[in-house]
Structures are given as C-alpha cells and as structure tokens.
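Novice: After the structure tokens below, expect a handful of questions from me.
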Amino acid sequence: MWARGATVPLCACDRPVEQNRLQDGLTTSPPENLGGHQESRRGSSENRRGSSENRRGSGEGRKGSSEDRDSLSAIPASVRSNRVPWVTLMRALGRFKLSLPDIRRDYMLASRDPLAVDKELGPRVKYHKVVRRFWGNHQPLAKIPYKILSEHDNIVSSCHFCVDDTRLLSSSYDCSVKLWDSEDGTVMWDFQPRPKAPVLECSITADNRRIVASSYDKTVRAWDVETGQILWKVRHDTFVVCCKFSPDGKYVLSALDVDRGICLMDPENITTVIQIKDHHKRSITACCFDPDSQKVASVSMDRCIKIWDVTAHATLFTIPKAHTNTISDCCFTFSGHFLCTSSWDKNIKIWNIHTGEFRNRGACVTLMKGHEGCVSSCCISRDSSLLISGGFDNTVAIWDVGDGYRKLSLKGHDDWVTDVAVSNNKKWILSASKDNSLRLWNIEEIDQIPLVTERKRSMGCKVQQ
C-alpha cells in the first residue's frame, strides 16, 4: 500500500495520475485521489506566493528602468537610437482602432504600384458605370456643341426625333427601345417587355402616340408612348430587318430578310394586308414610305431600287445597278419628289421619281467624297435644304443639297455611325453609333462657323449631273 498523498507511478515514464488524466482529457477525479488534490492546492498557494514575490521584483525592475530613462535623458539626442520600443509602439497603435469594414475599405482603396510586378495585388474594385452627359467642342475650328447619351449597353441601331423635337427615340442591340428627354438627356421610357434579341429598327407615328420596333427574334412589337404598355406583338417566320409606320399611321411596313420581301400590316386590326416574297434578289437593307403613304421604296444588297405602289399592290419602278455596291439606306424628301439613297460605294445619290430622269437618265445628283468609308445612313431635313449622312468612318457629314457640297464633317464617335436624324427646325442632329452611344449635335449656328464659310468659298460645288 502506498502512503496517502504520495504520487503513484502508473507506467515506466512515472507520470502522475493527475497529469495523465489531464493529458487524456478527463476533468473529474475519483474519490481516492482527493489527497493528491489537496497537495496540489498547497503547491498552487506556494506558487502564488512566488508570483507575488516576482511582482515585487518587477516593481523594483520598473524603478530601475525609470533610473535608466533618467540616465538616457542625459545622453544627447544625436547619440540615442531612433528606434521606438516595440511595446510603446503597440500601445500607441492600439488607441487607433479600425472596424473590419473600414480595414477592408482601406485595403480596397489602397494605391497600387504599377511597377511592382512580383507583388501580389488585391482584388480589383468594380466601379459603377458613369453616364457621360456633357457639352463640349469636338473640333477647335468647327465649335459644334454636342451631348453624349450613353444609356445603351450595346450597338445603337436607329434613332429619331419626335414630339416636336423634345423627345428622342432609339433602339439598340441590347434588346431595348428607349425614349429620351432631348433637353437633359435622361431616359423617360425603357419600353417593356423587351424583345429577346437585338432590336434593328424602331419607328414612331406622326401623332407620336405609338412606337413600333423590329427585332432579331422575328417579332414586330408596338407600344403606347404615353403609358409605355405593349399594344401588340406579331411574329414572322424570318428575321425582320426594318419596320416603318406610314405617315398617316394606317400601315406598318416590314422588310423580311430570308424571304427578301416586304409585308404591309394594318396596326389597328393587327392583320396582314399583303406580303410579297422575292421582291428583291438579295436581302433588303432598308425601306420607307413617301409622305403621302402611297409609295414604298426599298433598297437591297442586289444594288437595286424598287418603288412599290400601296394602292395597286404593284411595282412601279425598278432601277437595277443603282449603285456599285450594297445600298444601305433610303429616304424621301418631304415633297415626295426625290429619293435619297446611300451606299457602301461611299456615294450618296438623289433621284427624281416624278420625271423621266428616274426611268431613263438615272441619278439626278451624285454626292461623292463625303466619307472615307461606306455610307451607312442618310436623312433629309424637312425643307430639303440639308442632307445628313453617317458612315463607317465614324463621322457624320452635313451636305448642302442645293449646291451639292459637304458643309461639315462631325467627328467624335469611336466606331461606325449606324443611323442619323435631323430635327424639324434644323437646329439639331442626332447620330447613333456602334460605340453604344448617341450624340446630339447643335448645328444652329453652323453657317457662322469660319470653317464652313471657307469651305463654301474655296471648294465650291462638286456635283456630277
């Protein structure tokens, strides 16, 4: 038998029972080991006494450290070390506490050294998209003010003025059709539900009450301008490359890609009036109504122009090989006597459709050397004095129709200009681009610009009759 209070070795290593139990994770002891606990408590009281003595010694050490500081103060500053004691530094830093979000924010906003290639950089900060709406001068000599509208997330396919030039209408490859306030450049309507594919073209009625848009999802949709509600949706069997409201609002004209045809629809009853297939030999690129809503002009990749009669449902005129390359766009003058066409051959032609020149002599006027690249779109002002064109050279050209020369070239877009429009008062030009933006140009004082005056005097009229 072992004496009470003695330690009992259990194995060759002679570890105490309490140490074994603590190492084995046991927190309770059997009753026979109570004496060992009393001895351990006595030992702990002795340890506490020793710790009090150590604290007394530390107090004496602190007194000695104060004496050392007094002795250090006698040493000149130039001799003393510049290092700050670690404990003092930690105590000082402990007073400046940052919350976890603040630490993360400081880390995210920390400046990065671009030359530190081998250093690990933190995660990049995602910035919100900044909408640029500002006025500026794109050329020192031209001094044409403009505004950038960049609410679209993809190519802007078409643009129009509406509601007495106080609103702007645009469609985009981001599957949206938007109505803008032309004064402050804000979006008033983003028409819902959106099509499920890129929107190629949009159009608005003369009374500014309804909007129609064609999309790559083979649908044509109409919305109410005032409420923003969708009115109807018509699905075709093929892609609808363009759509137009007739000036009197009685018809919706659509151009079908694979069928190379046109479709005339009644928007009130949502019924098809007539659908013509194989109207052109290749895909149709654009179509438009004349001001009387009696004729339809269509142009195609087959370089051909066709004039179709709405009442007779028959083709009136056909001009084969009107251009030497794909005809990209067409538009009538407000009088309806002339048709303007733009082409990838870098030329613009104005056709007289009420005289023999249209059938026999061909083009009435050819405007050349306005763009360095293909001409993508064209638009004529209400009084037929100005012609606006957009090109794949990222520029917008302003033409004097009477004298047949280019007055000014507006530069600023970063990619192709896809569509152009001119306001009724001829004070504004709207351009859509592949750079996902719209530009609103102020041309109210264009004739007072020295560049325009000099060009008119020096270049004169370069027209081929």
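One is the number of the first residue shown, and numbering goes on along the chain from there.
Using the three backbone atoms N, Cα and C, a Cβ is placed for every residue, glycine included.
In case it helps, TrEMBL gives these features for our protein:
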| type | residues | note |
| --- | --- | --- |
| REGION | 16-74 | region 'Disordered' |
| COMPBIAS | 20-31 | compositional bias 'Polar residues' |
| COMPBIAS | 38-71 | compositional bias 'Basic and acidic residues' |
| REPEAT | 149-190 | repeat 'WD' |
| REPEAT | 199-233 | repeat 'WD' |
| REPEAT | 277-318 | repeat 'WD' |
| REPEAT | 320-361 | repeat 'WD' |
| REPEAT | 368-409 | repeat 'WD' |
| REPEAT | 410-451 | repeat 'WD' |
Novice: Using Cβ atoms and a strict cutoff of less than 8 Å, what residues sit near the repeat 'WD' (199-233) while being 6 or more residues removed from its termini?
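Specialist: Distant contacts of the repeat 'WD' (199-233): 157-158, 160, 162-163, 167, 169-173, 175-177, 179, 189, 191-193, 239-245, 247-249, 252, 254, 265, 267, 270.
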Novice: Cβ under 8 Å to the repeat 'WD' (410-451), counting only same-chain residues 6 or more beyond its ends: which ones?
Specialist: 132, 138-139, 141-150, 152-161, 164-165, 168, 170, 172, 180, 182, 185, 376-383, 385-386, 388-392, 394-398
Novice: State the residues, same chain only, that lie 6 or more residues beyond the ends of the repeat 'WD' (277-318) and have a CB under 8 A from a CB inside it; answer 'none' if no residue qualifies.
Specialist: 241-242, 244, 246-248, 250-251, 253, 255-262, 264, 324-332, 334-336, 339, 341, 343, 351, 353, 358-359
Novice: Give the nonlocal contacts of the repeat 'WD' (368-409) in its own chain as ranges (CB under 8 Å, at least six residues past its ends).
Specialist: 142, 144, 325, 328-335, 338, 340-348, 350, 415-422, 424, 426, 429, 431-433, 439, 441, 443, 446, 449, 451-452, 455-456, 459-464
Novice: How do the residues of the repeat 'WD' (410-451) split into helix, strand and coil according to DSSP?
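Specialist: Result for the repeat 'WD' (410-451), in helix, strand, coil order: 5 helix, 19 strand, 18 coil.
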Novice: Express the predicted model's confidence over the repeat 'WD' (368-409) as a mean pLDDT, rounded to an integer.
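Specialist: Mean pLDDT across the repeat 'WD' (368-409) comes out at 92.
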